[in-house]
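Enquirer: Look at Swiss-Prot and you will find 78-91, 285-297 tagged as NAD(+) binding site, backed by sequence analysis. According to Swiss-Prot, the feature substrate binding site maps to Arg99, Arg109, Arg138, Asp227. Look at Swiss-Prot and you will find Tyr145, Lys195 tagged as site 'Important for catalysis'. Positions annotated as Mg(2+) binding site by Swiss-Prot: Asp227, Asp251, Asp255.
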Amino acid sequence: MTRKYRIAVLPGDGIGPEVMREAYKILNILKDDFSLPLEIKEFNIGGAAIDQEGVALPKKTLLGCENSDAILFGSVGGKKWDNLPINQRPERASLLPLRKHFNLFANLRPAQLYSELKNLSPLRSNIIKNGFNILCIRELTGGIYFGKPTGRLKKNNIEYAFDTEIYYNYEINRIAHLAFQLSQTRNYKVCSIDKSNVLNSSILWREIVKKVSKHYPDVHLSHLYIDNATMQIIKDPNQFDVLLCSNLFGDIISDECAMITGSIGMLPSASLNEKKFGLYEPAGGSAPDIEGKNIANPIAQILSLSMLVRYSMNLKKIADKIDQSVISVLKKGYRTADISNNNDYLKTNEMGDVIASALISGE
């Protein structure tokens, strides 16, 4: 009997359900036209779950995710729930617990400038003439966001605050191995970002990355300090392939990479654990300002599904076909509002339709 791939679908809030409907079109094609044995189950998450079940991450949802091979996530949050205590708000009470529960230590953020969308980038045309395709790999469960002690105190009428950057060798080791392995599916280049001229945690980071690199002699390793890296990305993004970053530095640099592509509505992301179980979601948020207007760009959600197929299902050729269907519609001039220079653009459902048609026809 053929093993089924079990996918937990969590549409969430804001534009999440709208763009997820378009991802469903691709999922149905994978089932019906590509004959993939998919078992798809949908669960509540975020504000929608608060409204219907009283909590942002219901036990039923968590159990459904545990019984799945991957999670396809929409978005959570919105003004409606901003009056709740911060730890009960959709973002804090659903997405973060999911990451922790499944030990999703690696965040993958591709930032690709498609040649058809060069006009959207804030960079000069001579800099981006060849486009760029960067994969930012961010360590997600360690570093200064989770280090102890942390706090805010007052002594002798002087107020002060402090945080602690801690990295254990195994945390750096596993994220480094993943970066080198993924670079071998791309252009065999890893640039590790640190601040080893100042920080002890970065000194350890660089030492371990160098040791790990010896297992991958075919991959070229370079190092940059975070301050120089932010400048180099603006100067020549095409020089980079895989960026390997700590939690804090990856948080900064992945958003910079996203910005220079011109539209966050195009960008997917993945968070993986050591078993390649993953949570896949658009890099943007719930965008409540455009909710219900049928103008959200579904491409990031569709490309998030492509990443799920690539990394959790290990079906590279099919993932490539999904990616190519997106490129095909962009080459034909189809645009959503966020990437259009005029009022001639497709609605959310229309963009989903043309991508689905391109996938079926193999364009």
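Note that the numbers count up from 1, one per residue, in the order the chain is shown.
Positions of Cβ are set from backbone N, Cα and C atoms, glycine also.
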Enquirer: Of the recorded positions Arg138, Tyr145, Lys195, Ala287, Glu291, which one has its Cα closest to the Cα of Asp255 (Mg(2+) binding site)?
Expert: Arg138
Enquirer: Among the binding-site residues Ala287, Ile295, which residue has the largest number of other Cβ atoms within 10 Å of its own Cβ?
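Expert: Buried the deepest by this measure is Ala287.
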Enquirer: Given a 10 Å Cβ-Cβ cut-off, pick out the one of the binding-site residues Asp82, Asp227, Asp251, Asp255 that has the most other Cβ atoms nearby.
Expert: Asp251
Enquirer: Out of Arg109, Arg138, Tyr145, Lys195, Asp227, the recorded positions in the record, which is closest to Ile295 (NAD(+) binding site) when you go by Cα distance?
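Expert: So, spelling it out, the nearest of the recorded positions is Arg109.
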Enquirer: Reduced to three states, what secondary structure does DSSP give Arg138 (substrate binding site)?
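Expert: The three-state answer is strand.
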Enquirer: Within a 10 Å radius around the Cβ, which one of these binding-site residues has the most neighbouring Cβ atoms: Gly78, Pro90?
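Expert: Going through Gly78, Pro90 one by one, the largest Cβ count within 10 Å is at Pro90.
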Enquirer: Spatially speaking, which of the binding-site residues Gly78, Asp82, Ile86, Pro90, Ala287 is closest to Tyr145 (site 'Important for catalysis')? Use C-alpha to C-alpha, please.
Expert: Ile86
Enquirer: To the nearest Å, how far is the Cα of Asp251 (Mg(2+) binding site) from the Cα of Asp227 (substrate binding site)?
Expert: 14
Enquirer: A 10 Å Cβ contact count, applied to the recorded positions Arg99, Arg109, Arg138, Lys195: which residue has the minimum?
Expert: Arg99
Enquirer: Among the recorded positions Ile86, Tyr145, Glu291, point out the residue whose Cβ has the most other Cβ atoms within 10 Å, with all shown protein chains included in the count.
Expert: Glu291
Enquirer: Express the distance between the Cα positions of Arg138 (substrate binding site) and Gly78 (NAD(+) binding site) as a whole number of Å.
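Expert: Each residue's Cα considered, Arg138 (substrate binding site) and Gly78 (NAD(+) binding site) end up 26 Å apart.
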Enquirer: Using the Cβ centroid of Asp227, Asp251, Asp255 as the reference point for the Mg(2+) site, which residues of the same chain not in that list have Cβ within 8 Å?
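Expert: Once Asp227, Asp251, Asp255 are set aside, the remaining close residues are Ile226, Thr230, Leu248, Phe249, Gly250, Ile252, Ile253, Ser254, Glu256.
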Enquirer: List the Cα distance (Å, whole number) between Gly78 (NAD(+) binding site) and Asp227 (substrate binding site).
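Expert: Distance (Cα to Cα, whole Å): 33 Å.
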Enquirer: Is Ala287 (NAD(+) binding site) helix, strand or coil when read with DSSP?
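Expert: Ala287 (NAD(+) binding site) sits in coil per DSSP, no helix or strand.
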